[in-house]
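Below is one structure; the comments refer to it alone.
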Amino acid sequence: MVERIRAIENEALENITNAKSLSDIDDAQIRYLGKKGLLTELMRNLKILPEEERRNFGKALNETKIKIEGLIASRKAQFSAQLTQNKINSEVLDITLPGKFIKRGKLHPITQVMDEMIGIFIRMGFSIAEGPDIETEYYNFEALNIPKYHPSRDMWSTLWINNELLLRTHTSPVQIRVMEKQKPPLAIIAPGRVYRRDSDVTHSPVFHQLEGLLVDKKITFGDLKGTLSYFLRQVFGKEKKVRFRPSYFPFTEPSAEVDVECVLCNGAGCRLCKNTGWLEILGSGMVDPNVFKFVGYNSEKFSGYAFGMGIERIAMLKFGIDDIRLFFENDLRFLEQF
Amino acid sequence: MRVPIDWLKEFVKINVPPEALAKKLTLAGLEAIVAEDAKVIAVDILPNRGDCESILGAAREVSAILKTRLIKKPFRVVESKEKIKLTVEVKEKKLCPRYMARVIGGVVVADSPEWLKKRLLLAGIRPVNNIVDITNYLLIELGQPMHAFDAEKISKIIVRQAKHGEKIITLDGLERILDEESLLISDPLKPIAIAGIMGGLDSSVMPGTKKIILESAFFEPASIVKSSKKIKLRTEASMRFEKRVDFDMVEEALDRAAALISGIAGGVVLKGKIDVKAKPQKNKTIALRNERIKNILGVNINRKESAAILKLLGFKIKKETKDKIIVEVPSWRAGDVEREIDLIEEIARIYGFDKINETMPEIKAKTFESSHNRIRKVREILLGCGLFEVQTFSMVAPLMAEAGAINISNPMAQEESVMRTSLIYSLLRVLSHNLRHQASKVNIFEVGKVYSTEKIPDEKNVLSGLIAGGDADFYKLKGMVESLLQEFTHDYKLESYIGKHFHPGKSASIIAQLKIIGKFGAIHPDLFKNIEVYAFEIDLDRLLALNKPNKFYKPLPKYPKVERDLAMFVPQGVASQIILETIKRGDLVESVEIFDIYKNSQAYRISFRDKNKTLTDEEVSVSFENIQKELENSLKVQIRK
Ligand SMILES: [Zn+2]
């Protein structure tokens with residue numbers, strides 16, 4: 001009897017080991033363990049054996065059954081792994097074929113740069129203020145301490161509507177409009193379009209500026225330096241050096257031009273920076289007491305700083321663009337690059 | 001200004017190489033670079049620093065920056081026994097507070113010596129003849145413009161306002177027609193020079209001129225600005241008068257010129273000089289508080305240090321107390337230093353901006369909202385629709401704006417001469433540009449201002465966009481426009497639009513809160529021919545003013561929906577909106593959408609749901625059949641079974 005079990009076991013193990021496919025295994029399972037399988041048959045014969053024999057025989061039969069079941073399970077797992085592997089092997093894609101784009105548009109590079117800058121100042125606690133493009137001579141010049149027959153007016157080549165109205169030459173009139181309406185403390189930025197009677201590769205009759213104004217008790221030139229250095233390092237990179245250079249604007253005093261280490265040569269000197277190692281980025285200064293007088297602020301009590309910068313210029317430096325007119329031509333091949 | 005270094009060295013001791021000097025000047029507010037093999041320093045002079053527009057002026061700055069001594073140039077005028085006989089009458093004392101003159105006889109007009117010519121050329125001035133060259137030389141050296149007249153041609157000098165329509169032929173050979181804005185130098189008969197700007201040709205010094213009148217004057221800056229603007233002529237002289245010359249230098253320059261002329265052109269200086277002067281000008285004094293320096297600059301610069309800096313710049317310290325100093329402004333700074341803050345600036349720039357520590361202000365101002373974030377959202381939605389943002393000029397050609405648009409009085413070009421009244425033309429130009437450059441599909445938008453024709457200044461923010469090429473069609477555009485609108489409101493209506501720019505059969509206006517807030521559709525073929533263009537223009541201010549209702553959560557349905565499809569032939573003139581509304585009125589209908597359109601056949605998918613129980617087939621069929629009957633009866637559609 002035991003020999004018979006051994007014989008079945010050997011045959012089964014050999015069969016299962018040599019099985020060529022999952023269906024061979026299924027066949028073996030039916031042949032040995034199925035309802036009419038060889039082992040099942042023997043199992044049925046157990047009942048008719050005497051007690052003693054039945055135990056030994058049963059034990060041997062059980063061991064054989066576990067062995068065969070175990071082998072079937074592991075061979076099944078092998079085949080199923082093989083099958084998955086075959087499926088995977090047959091499904092390899094050419095991942096270099098192009099993806100199916102859901103084509104998004106892009107923001108104009110000027111908007112991108114403007115938004116980045118606005119974000120920096122908003123996080124510092126500034127709010128956005130606005131003013132009209134068509135300004136009066138009073139707001140654009142007079143109240144900014146630029147008298148009518150003063151040579152400093154030549155700093156802005158102006159497009160005029162009539163004797164009193166003009167296209168604002170800078171965003172600075174917004175300073176006046178805000179101060180006329182609000183008392184200090186005041187922290188505003190004014191982004192917007194400005195206009196000059198100028199046109200070449202670095203000048204456009206239409207361009208954008210971002211203006212800033214902070215007025216409170218005891219605002220100092222040191223504060224101006226701190227704010228603008230922080231801002232410029234955010235825009236141009238933390239490692240960049242920033243330099244403040246005395247300048248002149250009728251509406252600020254002292255006035256400073258702010259330079260950043262050249263983006264191309266890092267200060268070594270090149271064509272872009274005219275060998276100075278520096279790029280002029282923005283104009284700034286402490287609000288001139290005359291400007292405070294125009295808006296009725298007491299300059300003994302309050303002080304403030306103001307600054308303004310051209311967005312196109314900064315965008316040109318950041319993106320390496322050499323002709324300002326590209327911004328307004330709106331060639332899609334240009335816009336797609338940002 | 002071009003400053004030849006050798007020339008500069010005659011006025012100030014320089015103990016650093018040119019490159020280092022240029023850098024120091026730059027950091028003190030005189031942007032400078034070294035040029036011409038280090039023979040010249042080219043300096044950008046700030047508009048308020050007329051006093052620096054000369055070798056002497058530059059030397060003063062250098063002396064303050066390097067803390068080295070200024071050098072005085074000695075000279076002597078040898079006068080003849082013959083007395084000057086010249087009458088000068090200044091009728092406009094306010095506009096010409098000082099007029100000086102000397103007369104020099106026996107001059108020989110010829111070429112200048114080489115050294116003089118070389119210096120002028122280095123400074124960027126073209127040599128003419130020795131007399132003119134000497135006046136130019138001193139203009140560069142001292143910053144005082146002078147003019148030489150041929151004395152034989154002048155009997156008397158009158159400084160007066162020009163008469164309307166008065167004419168003069170200037171040195172450059174051009175006839176200038178003047179009016180009251182200009183100040184004239186004239187003799188009893190006719191004008192001989194436009195004061196402070198350019199001399200007349202008739203009375204100019206020519207080869208053969210023997211006797212000259214040398215003029216050195218102070219003209220009021222504003223008067224020269226006006227005059228020069230009016231006749232559209234700006235010269236080295238007028239530029240300096242505009243920025244104000246040194247009242248006290250008028251005389252020294254005249255004497256230096258007389259001495260040089262007699263030395264170089266062999267003239268004899270007549271005894272005496274004319275000096276018609278309004279009341280003598282007194283130098284201004286200003287109080288400077290220590291405390292104030294600290295409050296403005298944020299740095300402690302002690303009284304001694306401030307005083308030392310000011311002295312280096314030629315200011316005089318009249319009085320010093322514990323907390324302030326009283327400062328006298330030198331004559332050459334009368335134009336730009338008038339207040340305490342001006343002194344603080346002087347101190348800051350010589351002390352060095354780089355030595356002032358950076359601090360971060362505590363910002364206490366209240367923040368307020370602007371439309372910026374909401375406009376950003378609009379932009380984001382349109383980017384998601386595949387549109388590229390563009391930026392176009394606010395000025396357009398007259399043909400591209402409505403009648404009555406705001407004109408620019410001095411435009412740079414005709415196509416930038418009118419303020420735009422719509423963005424659509426500008427976008428069509430961008431489209432043309434891109435089509436010319438082989439783009440097959442153009443999807444763009446712009447957020448910008450348009451300018452009213454009725455009221456000035458009245459500016460509106462507008463949002464406009466267009467799609468053309470590729471799969472562009474009315475419904476694609478409509479989808480974009482509505483997905484934008486629905487971010488702001490669901491309470492809007494679309495109506496057929498017949499109006500400017502748009503194809504009357506393919507356009508709609510958007511109505512919200514009883515106002516038209518925009519329109520969209522096909523661009524009228526008259527406006528753009530080559531290709532079908534679909535565009536929209538929305539009043540952004542009105543769009544942003546629409547308040548989207550608060551969002552309230554609705555519980556998710558517990559029971560499943562049942563879907564039924566319904567295909568039908570729709571007769572001409574029955575709008576799908578009516579069909580949709582009819583279906584929606586059906587029992588148990590939750591929603592309905594169109595899923596297929598072919599010619600006049602339309603297919604609708606209807607969802608039925610009961611929120612309290614699972615629907616049975618029979619319940620749905622009853623409603624579905626009622627809907628079909630209603631459609632057939634009231635709208636005459638033919639249901640496809
Ligand atoms: Zn560089």
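Positions of Cβ are set from backbone N, Cα and C atoms, glycine also.
In TrEMBL, annotation is done automatically, which means it is predicted and not curated.
The annotation Mg(2+) binding site is assigned in TrEMBL to B:ASP336, B:ASP342, B:GLU345, B:GLU346. In the three-state DSSP scheme, B:GLU345 (Mg(2+) binding site) is classed as helix.
Annotation comment: TrEMBL describes B:281-358 as domain 'B5'. Mean per-residue pLDDT, taken over the domain 'B5' (B:281-358), amounts to 95.
Feature annotation from TrEMBL assigns domain 'FDX-ACB' to B:557-640.
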May I ask which residues of the same chain, at least 6 positions away in sequence, place their Cβ under 8 angstroms from the Cβ of B:GLU346 (Mg(2+) binding site)? B:ILE309, B:LEU310, B:LEU313, B:PHE315, B:VAL337
By DSSP, what is the split of the domain 'FDX-ACB' (B:557-640) into helix, strand and coil residues? 28 helix, 29 strand, 27 coil
Using DSSP, how many residues in the domain 'B5' (B:281-358) fall into helix, strand and coil? 36 helix, 15 strand, 27 coil
Could you say which of the binding-site residues B:ASP336, B:ASP342, B:GLU345 has its Cβ with the most other Cβ atoms inside 10 Å? B:GLU345
